[in-house]
Structure formats: structure tokens, C-alpha cells
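Taken from Swiss-Prot, the feature [4Fe-4S] cluster binding site applies to 12, 96, 197. The (2E)-4-hydroxy-3-methylbut-2-enyl diphosphate binding site annotation in Swiss-Prot covers 41, 74, 124, 167, 225, 226, 227, 269 and is backed by sequence analysis. The isopentenyl diphosphate binding site annotation in Swiss-Prot covers 41, 74, 124, 225, 226, 227, 269. Positions annotated as dimethylallyl diphosphate binding site by Swiss-Prot, on the basis of sequence analysis: 41, 74, 124, 225, 226, 227, 269. Residues or ranges marked as active site, proton donor in Swiss-Prot (evidence: sequence analysis): 126.
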């Protein structure tokens, strides 16, 4: 058997930044540091930060007065920000800048009273935070997950409308939804390019190439990672069996029966160390060759907050 590694794969700039913020806050201020929601959706990463003194909570009422709290890469609603300010919590914001960009689109629509339609997955923390940027009762924000949801909106075709998208969606599915929105609401406005981030786009394109060459695709990523799930779905959609795994412990040897080429990729929140542990485990199961696809180079870097950056330099 041989392995083909997707390229690019694994950590994106937003995830790198979010993890650095937690690690630097712990280094500078000491434990405990509270983090609202998993800073990124990866069990290995979260467990590592817990071991260093990070405490993960779902709501701010779990954070003691005067404590330091970090907002996860997925972003938070305005209500959460107001609550943190009211309680005088020290906040470091690890929201991905590309998510913040979508937040600003929603905030502008809210200020104008323009009704907004968000394409995304209900209940995902990024979606909850993004919808929470809208606070104008004269308008409203509405969520659609697929083309079928559009018929349920009940909005007038000539209304002043705008749309935006979650950053970690399936590119193909999102294009279909946007086209359906434009057909039903010809005057709807939106970004010139959808809001799906560069890392999601690049990793999905890499999986397309991988699925053409492999008989099985393994996606390293946690079950609650949106972008990791989309990678597994895309490989399957292209006709190549796929499995989403947290690490080598999840691999079932039965998956490998009759397989000569295994494709491996990783979601944007999965570290390379997990990919390499999967590779090493597969070598014990008969893999003799490992190669990597050519892919686009990613050089995007997002800086950490100034207070942490200054200390980091010193």
C-alpha cells in the first residue's frame, strides 16, 4: 500500500492565531485562562491546552469576575461581548479575522435595516456568533442551510436583501444556494466572492485531486469540525470512500482490505503531528511508500492581539 498526502492540509492561519493567543495568554498571565467554547474544533488541541491550564466553558456565567477570557476562533455575538464588558472581564479575541469580516457585513446590514440571509449550519458556533451581529428590529437575519430552505423564508421578492455565508461550507453546495437565492430574489446583494475562506477552498480543491487517485480517503479532524466534515463529504461525493478520524486509534484495519492507495488530508483545525501519527500507524499495517501532492502555497499570517504581540517580541 502507498499513501498520498493532500497539499495543503491541516492548520490554517486563523487556527494558528487562535492557539497562539491561548498559549501566549497562559505564558504571560498564568493559569487559569478561560476560553469560551473550544478555541478550535479539535480534541487533541483542546486537550493539550487544558493540560497547560486553559479552562473551556460554554457561557460567560461560568467565568469568575475579573478573570481573563478568550473568545474562540468561531466568534461570538454582540450580546456576549456586551456581557463580558459589563462584567469587566479581560478579553482576548481569537475570532478568525475572516469570520470578523462576515460579522462586519452583518453589522452593516443591521445598521441599514437591510434584511440579511446567512447561508450556514444551524447551531454551529460561527453561525450563532454571526447572526448575533444583527440587532435591528426593523430588519432581520434569516438562516438557510440548503436550497429547500429558501422557499420557507417568506420574504418578498422586491425586498432590500443581502446575503453572506459561513466560512467553512461546501463550495459546491454554497454555489447552488447562492444561485437559488439570486433566482428567487434577483435584486439581492452579496459579496463579490462568497465568504468561504481561502483555507476551506484550498483544502476542498486538494481533496478533489486526492479522491481521483486514492481508493480510500482518511480525513484527520474531529467530529464537530465543520470544515473536516465537508472534506470527508466531498471525497465520498466524488465516489471515493472516506472516513473522518481523530487519529490513528480510529482506524479500522477492515477499511484497508483491497486498498492499494490511501489518501490522507486534515481539516484546518487538525495539527500535522496527528497526520504523521496516522502515517506511522499505517506503516505498521503495510504501507511502504508515502508521497505528497503538489499544491498551492499558503503564506497567510494573522497577528495576535497587540498586548500579546509586544510581549512575544520582547
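For all residues, glycine too, the Cβ spot is worked out from N, Cα and C.
Here residue 74 ((2E)-4-hydroxy-3-methylbut-2-enyl diphosphate binding site) comes close to 37, 95, 96, 99, 124, 125, 126, 129: these same-chain residues lie at least six apart in sequence, with C-beta atoms under 8 angstroms from its C-beta. Within 10 Å of the C-beta of residue 167 ((2E)-4-hydroxy-3-methylbut-2-enyl diphosphate binding site) we count 29 further C-beta atoms, all protein chains included.
When the alpha carbons of residue 225 ((2E)-4-hydroxy-3-methylbut-2-enyl diphosphate binding site) and residue 12 ([4Fe-4S] cluster binding site) are compared, the span between them is 13 angstrom. The two recorded residues, residue 167 ((2E)-4-hydroxy-3-methylbut-2-enyl diphosphate binding site) and residue 197 ([4Fe-4S] cluster binding site), show a Cα separation of 5 Å. Residues 41, 74, 124, 225, 226, 227, 269 are recorded as binding dimethylallyl diphosphate; their most distant pair of Cα atoms lies 15 Å apart.
Other residues of the same chain near the dimethylallyl diphosphate site, with their Cβ within 8 Å of the Cβ centroid of 41, 74, 124, 225, 226, 227, 269, are 40, 126, 168, 224, 228, 267, 268. Note: the CA-CA distance between residue 41 ((2E)-4-hydroxy-3-methylbut-2-enyl diphosphate binding site) and residue 12 ([4Fe-4S] cluster binding site) rounds to 13 Å.
Take the Cα of residue 12 ([4Fe-4S] cluster binding site) and measure to each of the binding-site residues 226, 227, 269: the nearest one is 269. Each of the binding-site residues 225, 226, 227, 269 was assessed for Cβ neighbours inside 10 Å, and the highest tally belongs to 269.
Spacing of residue 227 ((2E)-4-hydroxy-3-methylbut-2-enyl diphosphate binding site) relative to residue 197 ([4Fe-4S] cluster binding site) is 10 Å (Cα to Cα, whole number). Sequence-ordered, the extra residues of this chain that approach the [4Fe-4S] cluster site, with Cβ no more than 8 Å from the Cβ center of 12, 96, 197, are 13, 14, 15, 73, 97, 98, 99, 167, 168, 198, 199, 200, 268.
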